[in-house]
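Working notes, beginning with the structure itself.
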């Protein structure tokens, strides 16, 4: 169990620097990567392509965004009340 956690920590990669968001506050970066992931996933699904190319965006928003925000946004997408353009 402890070895598994050590392996996860060792292999964990955080979000890389994005020059569009140079400030300390990364809220907009979180939001943009969440939108980009869902847009990419929607576009690749429509084309019949492989959605694994969108995985980078998912890793970045999972690294930056609080879990409560992501779950709330996922709920809003499911309800059809999400404010962002996907």
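Yeah, the Cβs are placed from backbone N, Cα and C, and that goes for glycine too.
Positions annotated as disulfide bond by Swiss-Prot: 30-65, 40-54. According to Swiss-Prot, the domain 'CHCH' annotation covers 27-73. Swiss-Prot lists 2 with the feature N-acetylalanine, giving similarity to another entry as the kind of evidence. Swiss-Prot lists 62 with the feature N6-acetyllysine, giving a large-scale study or a structure entry as the kind of evidence. Annotated motif 'Cx9C motif' per Swiss-Prot: 30-40, in sequence order, evidence recorded as sequence analysis. Summarising the annotation, Swiss-Prot assigns motif 'Cx10C motif' to 54-65.
Across the residues of the motif 'Cx10C motif' (54-65), the predicted structure has a mean pLDDT of 94. Taken residue by residue with DSSP, residue 65 (disulfide bond) is part of neither helix nor strand, so it is coil. Broken down by DSSP into helix, strand and coil, the motif 'Cx9C motif' (30-40) contains 11 helix, 0 strand, 0 coil. For residue 30 (disulfide bond), the spatially nearest entry among the recorded positions 40, 54, 62 is 62, judged by CA separation. Under a cutoff of 8 A between CB atoms, and with a sequence separation of 6+ in the same chain, the neighbours of residue 54 (disulfide bond) are 37, 40, 41, 44.
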